[in-house]
Amino acid sequence: MIDVNNFHYMKIGLASPEKIRSWSFGEVKKPETINYRTLKPEKDGLFCERIFGPTKDWECSCGKYKRVRYKGMVCDRCGVEVTKSKVRRERMGHIELAAPVSHIWYFKGIPSRMGLLLDMSPRALEEVIYFASYVVVDPGPTGLEKKTLLSEAEFRDYYDKYPGQFVAKMGAEGIKDLLEEIDLDEELKLLRDELESATGQRLTRAIKRLEVVESFRNSGNKPSWMILDVLPIIPPEIRPMVQLDGGRFATSDLNDLYRRVINRNNRLKRLLDLGAPGIIVQNEKRMLQEAVDALIDNGRRGRPVTGPGNRPLKSLSHMLKGKQGRFRQNLLGKRVDYSGRSVIAVGPSLKMYQCGLPKEMALELFKPFVMKELVQREIATNIKNAKSKIERMDDEVWDVLEEVIREHPVLLNRAPTLHRLGIQAFEPTLVEGRAIRLHPLVTTAYNADFDGDQMAVHVPLSKEAQAEARMLMLAAQNILNPKDGKPVVTPSQDMVLGNYYLTLERKDAVNTGAIFNNTNEVLKAYANGFVHLHTRIGVHASSFNNPTFTEEQNKKILATSVGKIIFNEIIPDSFAYINEPTQENLERKTPNRYFIDPTTLGEGGLKEYFENEELIEPFNKQFLGNIIAEVFNRFSITDTSMMLDRMKDLGFKFSSKAGITVGVADIVVLPDKQQILDEHEKLVDRITKQFNRGLITEEERYNAVVEIWTDAKDQIQGELMQSLDKTNPIFMMSDSGARGNASNFTQLAGMRGLMAAPSGKIIELPITSSFREGLTVLEYFISTHGARKGLADTALKTADSGYLTRRLVDVAQDVIVREEDCGTDRGLLVSDIKEGTEMIEPFIERIEGRYSKETIRHPETDEIIIRPDELITPEIAKKITDAGIEQMYIRSAFTCNARHGVCEKCYGKNLATGEKVEVGEAVGTIAAQSIGEPGTQLTMRTFHTGGVAGSDITQGLPRIQEIFEARNPKGQAVITEIEGVVEDIKLAKDRQQEIVVKGANETRSYLASGTSRIIVEIGQPVQRGEVLTEGSIEPKNYLSVAGLNATESYLLKEVQKVYRMQGVEIDDKHVEVMVRQMLRKVRIIEAGDTKLLPGSLVDIHNFTDANREAFKHRKRPATAKPVLLGITKASLETESFLSAASFQETTRVLTDAAIKGKRDDLLGLKENVIIGKLIPAGTGMRRYSDVKYEKTAKPVAEVESQTEVTE
């Protein structure tokens, strides 16, 4: 076998007949497969042992030679070589065809490669190949043109006139002769001359032909090899025949297809030997051609060949295509051994880095390890004995298992794996039962819940894999979300509620105002029931020993609550005492107003002080998230994970103690709800009257009514939230962020509001009842539309979002951080992203974690805040914005000069770790996952504003697809192609509006539809590429008008707009990586003296290389314009044919690659996965794998101290 790791590249080409014969181990002459009585392969048949090797290891067919000692012998009786049966997976055979046959890929593909080369139409080719017409190969004295088609009758006429003086042939033979006569160099010269003079369609055709001729010339493929004289037969184990229980046989479809070819070929040979009449031979040749077509690509031409039950047979091409094809089923997605799956249950007592494995599963997964250990400890005598002990589950097995799994991490995965946090490593602990136990905090990353979800377990076997799992994938390491750098392990549900309840304060709590010496006293008093969790008390500040308290403060009493004292025990000591949920308190110090000077208290002591003070808000989910982020910023990952565990335990403990329940009585209907409804009802009546009088249109009436009822709902919601008791359980759940929100509550206690019809249009009749009061039949019926649409949408959305992620990953999979600094001289100018007055993404968020491209000085003090190529930390970012600076140049993936992938400086901080990104990080895949994963949270719907035509704005997922596929958007905006002033806006014919822009040299007028809103005024100056009407810009057009940089920024802004409006935060750099991949090609306009072809798409780097070469030799350079490709198109245009073929349109990609003789340098991840190499990212990168080991005494201890996760 070939060693995969010695591969450097992979090349594909056409096979010459000699090459096919050299692969073959013998010719298959008979269509037989196996003998029905002996079940042995037939000699010279499709499974022949003489050709393909023995079916049993080290045993010839007749049984004369058995055992390994005869290795390499060829049996003199049956001619079978004694060797391993595995060779039946690699040895090929062949069929010598009695007549040449065309290869359907090259004749039928679009464009037809054969047609372009011969300059014949695909129709003409088809007529010749399938024996409907003759083609003139050598005209002789007839005056016919070469390649002319002749019908049967015309051929006879000419034949009678010029017997034996000219040559015209039918079938693939004629085409083969023509292909053999082609002189590629001559053809190339002619085509290059034609390029100079041709225009329009002729030019396009010439360019296409030139491309094919160049391909053949450069690749060393001969055109005649597109016609087959010899047909290869793939090894038999790849098209197996297996016996089923009933004694019947199941066989691969390929065997049927091969059988048809062999039968027809043998019949043709016989007919030729007998000298049969031409028409019979012709018919047989045509049938042979069709049989070979069906074998290569069944169904490409005509009706597909069907098997039993009218099912089309799967040909060689189908074996590669689609989700079930060789690429996606076996090469990119393999099933793995040492894996198990089971239902998950919550494991509240686990540490952050642990998971619970069911005993039986663990035993099965770690079987070989346990067996080895049993034998080593001499508990079992040999491996066989150890195996039986394990199968009987003897008692001594369990102790060994405990030992074996200690410090051996396992990987847990939940499908669908939408981002890299869908697979994490844990240290297993054995649990009873058959459910996998999962730590409650990692559920958010997996998007898992415990209603019956299942998860898969995988065991990393090698030492390297274990080390990677422990160092990089341990759940305690994955605290930040790669998409925005925020903690992903925030507490949820019970944990939030428990911590919220713990930090709540109540006015009526027992013994308010009591003063204690230290925290221990407080806890004792709480345990004895003297104070309640919600009691506000005073404690001597000095007893906290908090480093952030000033001397002054230490002399005073800290006013806080019992619960907050308990909560602060889980926070690291160097933090300020957290007494209120504000950033100030969290990042800097406890506000001074909570320190009370005991001498200033009046008669009533602290109690009186508290009675005049407002209650402090309890800590909700968002604030807990901020605490985690702050701890992460200041401490190591280990400390953070310990703090998280303590927060989780606290939350569970106190949500249990709180005993929060929900009853019908907790839903209090608003008393003056009816009054609000009546007021709005009157407003609706007024609108209806106006409509009846003809003062307003139907659309205006509808929009006004919808607005009135929306306002009514908002008013009820506002008043409801005001009137609620702060200790109402439902309010507590929604306020803490544990479950539900204000809108849910309004539906329960206020009114349900307006509903959407199945069309997406809003029904103007509102549901005025709430669930508490109950809905009328009509109201209930109206509300079912929305519910059903919601479910249908979710199902569609999941599939759409998954497909989007797949396309994104495919286009960006080869973007890896490949160098430290690319040395670019360009940068990206960033500022706030705004839509009108609404802030979409603030400037500070855009610069944090990036490298600066310029020196920034404070505008007042002139002090240097940051120099070029320095990282902008959160502190520096705050300094920059505080100085009043609103825009700056930063390093960006858009302007990175790295040839493959990006460089560290242009990418910036790695959001998953908060450190600078390292060479080898697969940032393309991370970017794709970060954009694709929130896709399921985006809405599907296009907002219908009451059926007003033209103003439907696409939003949510469809809009994201529209942007990344670079499609023409719905509701397209008109942009100006010149800089100037808006001279006039007038009505044109067909109810259109005309906008006239006057520039310095020319005046242009633009037409907009009558319904679109114009957003410029007469006399307003406009820049090139500026929007004149409301809507989305068509990006391809914008690229040619406004240029590359403006287009990149526009696409970035549009993507951010969609996600931010849905409340999803994604870092700019991910979008930048994707957009850069869409703009990495240029289209050649003029070739100059370079070898580039005009009209062809080339990689921007290849273009600059060609021009550099031209400048060196003082030749004319090529000119080109940037092209924006949608992600699907960009994936198919990638340099790597393996990656493109495994994505979509497999046959087209391979046909093209074979003719060009493409080589794949295996730079991306996908290509390497396909051939089974380590991926060239992370630890698989060359620079990390070619490491020299030095043995020293020191590192072992260091490594151990790092891997110990403190309890």
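Glycine too: its Cβ is placed from the backbone N, Cα and C atoms.
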Can you find which of Cys355, Cys822 Swiss-Prot lists as binding Zn(2+) 2 at the same site as Cys896, Cys903, Cys906?
Cys822
Proximal residue to Asp451 (Mg(2+) binding site) among binding-site residues Cys62, Cys822, Cys896, Cys903 (C-alpha distance):
Cys903
Sequence gap of 6 or more, C-beta under 8 Å: which same-chain residues meet both conditions with respect to Asp453 (Mg(2+) binding site)?
Val343, Ile344, Arg414
Could you state the whole-number distance in Å separating the C-alpha atoms of Asp449 (Mg(2+) binding site) and Cys906 (Zn(2+) 2 binding site)?
38
From the binding-site residues Cys60, Cys62, Cys75, Cys78, pick the residue whose C-alpha lies nearest to the C-alpha of Cys896 (Zn(2+) 2 binding site).
Cys60
Of all the binding-site residues given, Asp449, Asp451, which has the fewest Cβ neighbours within 10 Å once its own Cβ is left out?
Asp451
Using Cα positions only, nearest of the binding-site residues to Cys62 (Zn(2+) 1 binding site) (Cys822, Cys903, Cys906):
Cys903
For the Zn(2+) 1 site built from Cys60, Cys62, Cys75, Cys78, further residues of that chain with CB within 8 A of the site's CB center:
Ser61, Gly63, Lys64, Tyr65, Asp76, Arg77, Gly79, Val80
Cys75 (Zn(2+) 1 binding site) versus binding-site residues Cys822, Cys903, Cys906 - nearest by Cα:
Cys903
Here are some binding-site residues: Cys75, Cys78. Which one has the most Cβ atoms within 10 Å of its Cβ?
Cys75
Relative to the Cβ of Cys903 (Zn(2+) 2 binding site), which residues of the same chain, six or more apart in sequence, are found under 8 Å away?
Val817, Arg818, Glu819, Glu820, Asp821, Cys822, Cys896, Asn897
For each of Cys60, Cys62, Cys822, Cys896, Cys906, count the other CB atoms within 10 A of its CB; which of these binding-site residues has the top count?
Cys906
Can you give me the Cα-Cα distance between Cys906 (Zn(2+) 2 binding site) and Cys78 (Zn(2+) 1 binding site) in Å, rounded to a whole number?
67
Specify the secondary structure state of Cys903 (Zn(2+) 2 binding site) as given by DSSP, simplified to three classes.
strand
